[in-house]
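As given in TrEMBL:
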type: ACT_SITE; residues: H69; note: active site, proton acceptor
type: BINDING; residues: D70, V73, G75, D77, S79, E92; note: Ca(2+) 1 binding site
type: BINDING; residues: H198; note: heme b binding site
type: BINDING; residues: T199, D248, T251, D256; note: Ca(2+) 2 binding site
type: DISULFID; residues: C38-C119; note: disulfide bond
type: DISULFID; residues: C71-C76; note: disulfide bond
type: DISULFID; residues: C125-C324; note: disulfide bond
type: DISULFID; residues: C205-C233; note: disulfide bond
type: DOMAIN; residues: 28-328; note: domain 'Plant heme peroxidase family profile'
type: SIGNAL; residues: 1-27; note: signal peptide
Amino acid sequence: MRMGGSLAGPVALVAAVCLLLPAASLAQLQVGFYNTSCPNAEALVRQAVTAAFANNSGIAPGLIRLHFHDCFVRGCDASVLLKVNPGGGSTERDAPPNNPSLRGFEVIDAAKAAVERSCPRTVSCADILAFAARDSVNLTGSNAFYQVPAGRRDGNISRQDDALDNLPGPNSTAHNLTDGFGRKGLSAEDMVVLSGSHTIGRSHCDSFLFKNRERLASGTISPAYQALLEALCPPTTGQFTPNTTEIDLSTPTVLDNNYYKLLPLNLGLHFSDDQLIRNATLAPLANSFAANETLWKEKFLAAMIKMGNIEVKTGSQGEVRLNCSVVNPASSSSSAEIEMLMFPGGTTSDDAPAEDVVATS
Ligand code: HEM
Ligand SMILES: *[C@@H]1O[C@H](CO)[C@@H](O)[C@H](O)[C@H]1NC(C)=O
Ligand SMILES: *[C@@H]1O[C@H](CO)[C@@H](O)[C@H](O)[C@H]1NC(C)=O
Ligand SMILES: *[C@@H]1O[C@H](CO)[C@@H](O)[C@H](O)[C@H]1NC(C)=O
Ligand SMILES: *[C@@H]1O[C@H](CO)[C@@H](O)[C@H](O)[C@H]1NC(C)=O
Ligand SMILES: *[C@@H]1O[C@H](CO)[C@@H](O)[C@H](O)[C@H]1NC(C)=O
Ligand SMILES: *[C@@H]1O[C@H](CO)[C@@H](O)[C@H](O)[C@H]1NC(C)=O
Ligand SMILES: *[C@@H]1O[C@H](CO)[C@@H](O)[C@H](O)[C@H]1NC(C)=O
Ligand SMILES: *[C@@H]1O[C@H](CO)[C@@H](O)[C@H](O)[C@H]1NC(C)=O
Ligand SMILES: *[C@@H]1O[C@H](CO)[C@@H](O)[C@H](O)[C@H]1NC(C)=O
Ligand SMILES: *[C@@H]1O[C@H](CO)[C@@H](O)[C@H](O)[C@H]1NC(C)=O
């Protein structure tokens, strides 16, 4: 991508623009990618997400985080959805940052089933996940809508170690966070902006309790808040507990800028959240988002699109997975055979719950 300084005119302008973009965004995703090949695709995904959200509003934060954890590990290629790595070994899905806290897999499966019935072998799982995250933003925000450039192809590798190496953890310092996002072509500002997702959703005790005892000692968490968390969580470390708490303690189901307002009150839940106001580079950004919700939301929607571009596979790379949990069979010559393998119960029967999802399209 390095280019010399001798180019002139429009070529130089294009080159200059290219140099400013992260490599990943050069891949050609397009808004309306399925306009002709599957015009109902986005509506069907939206229907599945809306139905699941009506039953359990936690699905929205779950799907937004699922998309993030997909994109940060081998790019946005639905590798996080795989239950089996064809090469053997543990998958991303098995990795501690994902298992057992990640949620929303069954919503992607329901959306995929609906989309496959409408247009078989056409819409990738990675795109379905990107659409579902967008719909989740739309369901929890106000005036929160963005067009999702699509055309992602699905990968066929999923390794636990890749998840451990690429997903930022709640004990991350400002430096760790900025560095980790930088490796994905995202800026420090993108990192602060996207952390605002923590204005919805929940967290498990092992993500915050013990590290926050150190924060209590250093005066960077409200003692009353930590006391509340101590009461909620079993006191001993080392063992997973299902107990969770809302990350944004005052407006946990609304995609607003309240997350940033809590930080200076020493009410950020994770050490990593608190880091955003302890660092001289990051704090002014967090404070500007606390002061201006419109500013944050504009940047948030743009940053979600940018995140959705990370290291995407397009064109003939990868594949369109038929079942989001497993890669397609290696010898995919006979499509009837694939249908048999991937949908043993048939695609038009024995699938009542997913059928309900499409009924009103
Ligand atoms: C900046 C680095 C980040 C760190 C260290 C981080 C860490 C975490 C942790 C520890 C949890 C709680 C998991 C649990 O114990 O259940 C969580 C939840 C969540 N994260 Fe992040 N996160 C980061 C960035 C992001 C980004 C970029 C997004 C989305 C764009 C995101 C979206 C979410 C959402 C929506 C939840 C709630 C999930 C649910 O309710 O199921 N996070 N995050
Ligand atoms: C799909 O249709 C929409 C609305 O007409 C349009 O904005 C978009 O550019 C189209 N995309 C493609 C790839 O055809
Ligand atoms: C509704 O949500 C609950 C969890 O809150 C889940 O156990 C159940 O399977 C969901 N039902 C449907 C039909 O999605
Ligand atoms: C959802 O998106 C639509 C545009 O399709 C927009 O009109 C609406 O305000 C959004 N809803 C919320 C709650 O953001
Ligand atoms: C943060 O970065 C430091 C220095 O590179 C490293 O030693 C540490 O393991 C990282 N911590 C986390 C939680 O990523
Ligand atoms: C974070 O740090 C605490 C306290 O040092 C430790 O108990 C916990 O296991 C760490 N959590 C993670 C996810 O590394
Ligand atoms: C953890 O959650 C369980 C189930 O909701 C609850 O019974 C328990 O009181 C909570 N707290 C502790 C400290 O285990
Ligand atoms: C603040 O974060 C930046 C990364 O955005 C890092 O380069 C810098 O070292 C951090 N400053 C301190 C004092 O930790
Ligand atoms: C808040 O941000 C928006 C969007 O950037 C901007 O138009 C507006 O002027 C800002 N409001 C204030 C009070 O600064
Ligand atoms: C994974 O996909 C690539 C093409 O994208 C293909 O060459 C390779 O054989 C596939 N591997 C497996 C295990 O399916
Ligand atoms: C997808 O594959 C998984 C794992 O093999 C299987 O359990 C599931 O039933 C399949 N889904 C469909 C719709 O066939």
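Using N, Cα and C of the backbone, Cβ positions are placed for all residues, glycine too.
A straight line from the CA of C38 (disulfide bond) to the CA of V73 (Ca(2+) 1 binding site) spans 27 Å. The most densely surrounded of the binding-site residues D70, D248, judged by C-beta neighbours within 10 angstroms, is D70. Other than the site residues T199, D248, T251, D256, same-chain residues with C-beta atoms no more than 8 angstroms from the centre of those residues' C-beta atoms, the Ca(2+) 2 site, are I200, S250, P252, T253, V254, L255, N257, N258, Y259.
Among the recorded positions D77, T199, C205, T251, the residue whose Cα lies closest in space to that of C71 (disulfide bond) is D77. Relative to S79 (Ca(2+) 1 binding site), the recorded positions with Cα atoms inside 10 Å are C125, the candidates having been C119, C125, H198, C205, C233, D256. Report note: the Ca(2+) 1 site is defined by D70, V73, G75, D77, S79, E92, and the residues of the same chain whose CB lies within 8 Å of the CB centroid of those residues, excluding them, are H69, C71, F72, R74, C76, A78, V80, G155, S158, D162. Annotation for the binding-site residues D77, D256: lowest Cβ count within 10 Å of the residue's own Cβ, D256. Cβ neighbours within 10 Å of C125 (disulfide bond), excluding its own Cβ and spanning all shown chains: 30. Listed binding-site residues: S79, T199, T251. The one with the lowest count of other Cβ atoms within 10 Å of its Cβ is T251.
For the recorded site, T199 (Ca(2+) 2 binding site), the DSSP three-state label reads helix. Within the same chain, residues at least 6 positions away in sequence whose Cβ sits under 8 Å from that of C324 (disulfide bond) are A78, L81, I108, D109, K112, C125, I128, D154. On the 0 to 100 pLDDT scale, the model's mean across the domain 'Plant heme peroxidase family profile' (28-328) is 97. H69 (active site, proton acceptor) sits 20 Å from C205 (disulfide bond), taking the CA atoms of both as reference points. Long-range Cβ contacts of C119 (disulfide bond) within its own chain (separation 6+, distance under 8 Å): Y34, S37, C38, N40, A41. Taking only the Cα positions, the spacing between C233 (disulfide bond) and T251 (Ca(2+) 2 binding site) is 21 angstrom.
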